[in-house]
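Okay, so here's the structure we're looking at.
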Amino acid sequence: MGIPEGSLTAKPSWRLKSIVTVALTLLTSSQAILIVWSKRAGKYEYSVTTANFSVEALKCALSLAALSRIWKSQGVTEDNRLSTSFDEVKVYPIPAVLYLVKNLLQYYIFAYVDAPAYQILKNLNIISTGVLYRIILNKKLSEIQWAAFVLLSAGCTTAQLNSSSDRVLQTPFQGWIMAIIMALLSGFAGVYTEAIIKKRPSRNINVQNFWLYVFGMLFNIIAIFIQDFDSVMNKGFFHGYSFITICMILNHALSGIAVSMVMKYADNIVKVYSTSVAMLLTAIVSVFLFGYHLSLAFFLGSTVVSVAVYLHSIGKPQR
């Protein structure tokens, strides 16, 4: 007599899926807005390296909080204990460095792009992730996914078309270069991290996240010494922080948790819907906050990008 499938894994309720979807959408759409909003007179009054460190520290604290709950309910086991070996830990500095550079670049890219354009262009990481999956993890991509990559590139370009000046694209060349570099770094870091996690699947994800964030904090301290040492020593670690800055740090930390919850409690389609709605929400809010002009090209481009993201999600090769 077989065990019913539903008894092995309880399916999440539609209410939980809805909460996770709304949370991820709001966090994703407000991410770029909060970064732009945190500027004063076109520049950051706070040190972006300290903000980045604060995000890593908060994520590390949240991982520890999650672990403490697990320890209380399940006890300390081989898979959820923090003590580890050098061989396990030595792989985390690589993605930590990649995320450091990528996260710092996201502050400086806004010198060349606005919030809606950023939401469009950051979808380029889907292309880099897909190609790196094929190269590093040797995962086959379907014809639909390759077609989605072409559509995604076309959509990103269409959304940036500029009919109000002689320049073809709204985003300057430097902005595109930074967006491509960010996509490559994000894709490589994501694929590398997944390879680390799947190398020991029984290991608790919070432990793996903890060590990743510890190295993230370490490298951010080095970045503070290199870039903002004098400023931090003279003005203090939290100089220039405002309520918006704190909200931005919370947003970045909670976004990572929301993505984990989507993977656990929902599915990949939720990420697709969240990404698509977030692009439009960012554009609409930017109209009121920053006077952003919604063009036909942006709507057409964002629609094509949404279709491309959807096709990529459903186009996974069947086993």
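For all residues, glycine too, the Cβ spot is worked out from N, Cα and C.
Caution: TrEMBL annotation is automatic and unverified by curators.
What TrEMBL records for this protein:
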- 18-37: transmembrane segment (TRANSMEM)
- 173-197: transmembrane segment (TRANSMEM)
- 209-226: transmembrane segment (TRANSMEM)
- 238-260: transmembrane segment (TRANSMEM)
- 272-290: transmembrane segment (TRANSMEM)
- 296-314: transmembrane segment (TRANSMEM)
Notebook entry, point to check: What stretch, picked from 18-37, 173-197, 296-314, has the most CB pairs under 8 A with the transmembrane segment (272-290)?
Noted result: 18-37
Next item on the list: For the transmembrane segment (173-197), find every same-chain residue at least 6 residues outside the stretch whose CB is under 8 Å from a CB in it, and list them.
Entry: 91-92, 94-95, 98-99, 101-102, 105-106, 108-109, 112-113, 117-118, 121-122, 124-125, 127-133, 136-137, 203, 205, 208, 212
